[in-house]
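**Q** The following feature annotations were taken from Swiss-Prot:
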type: ACT_SITE; residues: Lys207; note: active site
type: ACT_SITE; residues: Arg281; note: active site
type: BINDING; residues: Lys195, Asp200, Asp218, Glu279; note: Mn(2+) 2 binding site
type: BINDING; residues: Asp200, Asp277, Glu279; note: Mn(2+) 1 binding site
Amino acid sequence: MSTQMSVFLSTQAAQPQWGEKALISFAEQGATIHLQQTQDFSAIQRAARKLDNQGIRTAFLAGEGWDLESIWAFYQGYRDAKKRNTVEWKALAAAEQVELEARIKATDWTRDIINKSAEEVAPRQLATMAAEFIKSLAPDHVSYRIVKDKDLLTEGWEGIYAVGRGSERTSAMLQLDYNPTGDENAPVFACLVGKGITFDSGGYSLKPSNMMSAMKADMGGSGMITGALGLAIMRGFNKRVKLILCCAENMVSGRALKLGDIITYKNGKTVEIMNTDAEGRLVLADGLIYASEQKPQLIIDCATLTGAAKNALGNDYHALLSYDESLSQQALAAAKEENEALWALPLAEFHREMLPSNFADLSNISNGDYTPGASTAAAFLSYFVEGYQKGWLHFDCSATYRKSASDKWAAGATGMGVKMLARILMQQA
């Protein structure tokens, strides 16, 4: 079969020889995607996956019906980690073309950096690459610093340093300031905090190989939240925002974090380490303390934080946890408007009491049988957010990465959540 093909949309059923309710049929002029209803974006994305699997390397979206959202759905399904495919389409209206190109630029960056190997993206490289991406979009409005290695201790960022001290690759914290106001004293509207664990072996609480194989993607929260800020900037976002990425590699060595160690955080909280594989919350705590120091109206953190969230929701939804019910409802509405899957998991005050330690203020994991891991992880983070009951959203990113392909997604990073977070920023401003 040719590696180039025109692709058409139709709401008419395929001819019988293609099978009952066939999604795709082929003819001399190209392939036709048969939709059960107009604007069936899921079907378009599934059809794009089928075309990729059949070796079609260039698709021209021809005929009627290809608007912004249908082109986007096709692009999402057609793209794979090897970036072998090219999509071409007829010109859209100017505003729609700008929006489509912005989506592609932001999500491609997110998917690419998550798909890179841990050898390519060490903690300092992640911080640098994220900063350079955002600065490329608004060079006159972005400044940043990267705090690394022993400087983390000097400035009080004990969690990031402790998690990464077992690796030969130094840990880093990105502190990026996007300030389009022209006023260096302008208030910070929002702080965006990302977990940036560039590889997670589990530390001494070692992961089995089948659980470790995808852990280059444990920085997916940083990738997602950086991409979202980039998309918001390209959409014209004009409020001051700080991006904080907490970057480390969780490895085993004679210097690595051990069970029973106690971390003393900048806000005075002490944490006993009862599981070194619950490291994401340890680095995020530093980022949330820094975010709280900025006194923003809004704090959003993103992290591939718990297996519990993925067990609950699979790879198809991101999890949302927040004490702010009104803000949560607005976030869920934003996700729906962007056609991205988000589901709220419970977070209550009693979850904060499920992290007892005999030697510190908190344990880094909850105790007991059948504890709600995603909820207690979010509750742990709340101890590092000033005024945690209002203006804070925590995303446990279950849908950033897929170890194997599905009918809608190639294996690897998805870019899901970038549009949703960008919309939340725009709507809250």
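Every residue, even glycine, has its Cβ placed from backbone N, Cα and C.
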**Q** Do me a favour and check the Cα-Cα span between Glu279 (Mn(2+) 2 binding site) and Lys207 (active site); whole Å is fine.
**A** 12
**Q** Where's the emptiest Cβ shell within 10 Å among the binding-site residues Asp200, Asp218, Asp277?
**A** Asp277
**Q** Going by C-alpha positions, which of the recorded positions (Lys195, Asp200, Lys207, Asp218) is nearest Arg281 (active site)?
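**A** Closest by Cα: Lys195.
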**Q** Can you name the residues of this chain that are 6 or more positions from Lys195 (Mn(2+) 2 binding site) yet have a C-beta less than 8 Å from its C-beta?
**A** Asp218, Met219, Gly221, Ser222, Cys246, Gly280, Val283, Leu284, Asp301, Cys302, Ala303, Thr304, Leu305
**Q** Cβ atoms within 10 Å, counted per site: which of Lys207, Arg281 has the most, among these active-site residues?
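**A** That would be Arg281, with the highest Cβ count within 10 Å.
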**Q** Based on DSSP, name the secondary structure state of Arg281 (active site): helix, strand or coil.
**A** helix
**Q** May I have the list of same-chain residues other than Asp200, Asp277, Glu279 whose Cβ is within 8 Å of the Cβ centroid of the recorded Mn(2+) 1 site, in sequence order?
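**A** Those within range, site residues removed, are Val163, Ile197, Ser201, Gly202, Gly203, Ser205, Lys207, Asp218, Asn250, Thr276, Ala278, Gly280.
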**Q** Quick one: Cα separation, Lys207 (active site) versus Asp277 (Mn(2+) 1 binding site), in Å?
**A** 8
**Q** Quick one: Cα separation, Asp277 (Mn(2+) 1 binding site) versus Asp200 (Mn(2+) 2 binding site), in Å?
**A** 8
